Amino acid sequence: MGKRSRDRKRLQQHRRVCVPPQGWGAGYAEIVKENELFEQYYRELGLVPGGEFGAFMEAMREPLPATIRITGYKSHAKEILHCLKEKYFKEVQALEVDGQKIEAPQALSWYPDELAWHTNLSRKILRKSPLLEKFHQFLVSETESGNISRQEAVSMIPPLLLKIEPHHKILDMCAAPGSKTAQLIEMLHSDMDVPFPEGFVIANDVDNKRCYLLVHQAKRLNSPCIMVVNHDASAIPWLQVARDGKRDALFYDRILCDVPCSGDGTMRKNIDVWKKWTTSNSLAIPWLQLRIAVRGVEQLAVGGRMVYSTCSLNPVEDEAVIASLLEKSEGALELVDAAEDLPGLKWMPGVTSWKLMTKEGQWFSNWSEVPESRHTQIRPTMFPPTDPEKLKAMKLERCMRILPHHQNTGGFFVAVLMKKAPMPWNRRHPKVRPARADDPVDDPAPAEPPMAEPERDGEEERTPSETPLCSSPPPSKKMKLFGFKEDPFVFLTEDDPVFPPIQTFYDLSPDFPKLNVLTRTHEGKKRHLYMVSKELRNVLLNNSERIKIINTGVKVWSRNQDSEPFGCAFRLAQEGIYTLFPYIRARIVNIGVEDVKVLLTQENPFLSKLNMGSIVLRYQPDTNNPDAPQCPIELCGWRGKTSIRAFVPRNERFHYLRMVGVEVFHKQGRRADEASSEAPEGAAEDGAGEAVAEGQEGPGRGENGADSNGTGPASNT
C-alpha cells in the first residue's frame, strides 16, 4: 500500500470520530461517562479556569442542547423566525416531558439577527415525545426545504469568523457533512437580488460516500455557486482559471480548514468518546492536521483569511499545529485578533505552555525529555516553541477555545489566520509549460498562450522530464479516482438547438447567460438542464482532468414530453426558480395570499388565465396586510387545459403553507407522505392529491400533462 493510500485511509478513520450518532442515547445505554485519564490530563493542563473544573466535567456529562439555525440569506428568514417565536416556541415552553420542564428556547447571543436558537430539548425527547410531534415535524420539513439547519452551536463559529463577502472564492477543505458549507453558501448569497454572485464555494471531502451527504446538504440551498469535489485535503490539487487570455493558478480569498481531530470536545453528543479516549488519539493526528493546514495556506490568496478549527480541546491538535504553521511561514502568516468579531461569545485565549502525556500517564514538558523509543510517536513540533521571543511574536493567545460549561455548548478550538505574503517555498515566479492540444479552453475564447503553474511543495513524486532542454516541469501523473464514477458535466453552446424554443416560450432577457447552462450527458436527449455561475464554469472548463467533481449546479429546467405541443419541451424546476426568475419576462401569473393557499392545497383550482404549459406563479408582498408574508414568493406552476396547479416539492409546499398561516401536520400512525393540513375553509374538499416525497417517482401523469412526481398539492383534512 502506497503512502498516499495510507494517508487516505487514516484521514477517513479520523474523520469518522467526529460523526454524531443517530440520536441521543442510541446504543449507548451501558457507557459510563467517566474517564480518569481524561480528567487527569485536562486538570493538569490548566485549560479550565481555577475553580471551574467541576462545572466543566459536569457539563461534559450532560446531553448537548438542540440547536437550530435559520437560513439567513433567504428572504423568508424573517417569516420563519416569526413563525418560530409566535407559534412553536410558545407551544413547547410550557410543556413537561418525562419529568423535565421544557425551557423557553433562547437565541444565541453571539449569532447575528437572532437566526440561531437553542433549547434544553435533547434529540431523544424531540423525536419520541408525542407532545413535541408538531415541532419536530416542523423542524424536519423546514430542514429538508433548506430553510432551517439543525447544527451544533460551536460549529457555526468558523464561517462567521471568515467574514464572507459575495465576491469571495472559498475552499472548504474537509467539508462533510456540510453544515458549515451551508453557512458559507448563505453568506455568498447575502444579496438575494443577485442570482449569480461573483464568488463560489468549492467543498471537498476525502470520503467519497460522505461527499454525497455533503451534496444533500448543499442541494437544499439551490445555489449555482457550489461545487463538491472528492480529494485528500492534504494534497488537494492546484486549480487553474482563465484570465485575460491566459491561465493562472486559482488562489482562494477564504479557506475553511476544519480538520479531522480526536473529537474530545464532542463527548456530549458522541458518548462513545468517553470509553475510547486516550492521549494516544491526539498524538497520532497532528502531522495530518499540519499537512492539511499547510496545503490550505499555500492556496490562500495574499490578504485572504483561513480559519483553522477542531472539535478537540487538546493543545497538541490546536496551538501546536498553529505554532508549527506560523514558524514554517516565516512571517507570511499572522494570527488575527477576532475578539470583537462575535460579541457575546465566551471563549478562553490560546495557551503558550502545555505538556504531553502518554496513555500510561507519563508526562513530558519538552522534546529533550522524550526517550528515543517514542520519537516516532512524539515529535518536536508537538511542544511549544522554545524561543521566548519567537513564541511571543506568534501571539497564540489570539486563538479561541470554547469550553462547554460557559455557554452550554460542545468543546471547540478556532484560530483565524491572515496571509500577508506568499509562503517561503512558493515565492519564486511560477514556471510555464506550453499549452497542449488537449488542454481545455474557456469557450468561446481562442486558443490560449502558455499556462502558468505554481511551484509544487515537494509532496508529489517527480519523474525525469522527457525533454531535458525544456524549462517546464515534468507532466503530472494521471489522477486516480476513487468511489463512484460520475456522469460528465457538459456545457451547452450558445447555438445549441435546445435554446430557441426555451427563449421564445419564456421570453428570456437578452442578458441570460446561455454559456452557464450545462447537462450531464454527451449523447441523447437532455433530460435536465442545470446552471452554474460564470466563475464556476471557468473552474470546470479548466480543471476537468485535475479534480474529481461529485456535483455542481442547480437544476433550472426538466424535460417533459407533454410540454412539446405547447412549443417548449422543458418545464421550470422549483429548485432553480430564484436563479432563473430574473431572466423570465413571460408566463408570469401574479397571485395573492389566498391564491397561494388554494394552489398548494387544491389539485386543479383555476380556470384559464394563460396558454398551456409551464408558468411562474408570483406573489408580491402586501404592505397593507401585515399578517401576510412580507417577502416575494415564486412558485413553478403548470397550466393545463382547464386549470392551473402549483408544481412544488412536498417540503417546500409545507414551508409556503406555513408562511401563509396554514397548519401542516402528519397525524400519528399515518404514512409520512400523507400530509394533513388545516386548510382554509372550502379548500380542496375533493380531488386532493396524495403527497409523494421529493425525488420519488410518482404513479403516473396528472390530468394537466405534468409529471405526478411529488410536486402536487398537500392533502387536507
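Quick reminder: no glycine exception, Cβ is built from N, Cα and C everywhere.
In TrEMBL, annotation is done automatically, which means it is predicted and not curated.
The S-adenosyl-L-methionine binding site annotation in TrEMBL covers Cys174, Ala175, Ala176, Pro177, Gly178, Ser179, Lys180, Asp205, Asp232, Asp258.
The active site, nucleophile annotation in TrEMBL covers Cys311. Cβ-based neighbour count (10 Å, all protein chains) for Cys311 (active site, nucleophile) stands at 27.
Here TrEMBL flags 453-464 as compositional bias 'Basic and acidic residues'.
Annotation source TrEMBL lists compositional bias 'Polar residues' at 706-717.
In this structure the C-alpha atoms belonging to Lys180 (S-adenosyl-L-methionine binding site) and Cys311 (active site, nucleophile) are separated by 13 Å. Note: the Cα of Gly178 (S-adenosyl-L-methionine binding site) and the Cα of Cys311 (active site, nucleophile) are spaced 15 Å from each other.
Separation of the C-alpha atoms of Cys174 (S-adenosyl-L-methionine binding site) and Cys311 (active site, nucleophile): 13 Å, rounded to the nearest whole number.
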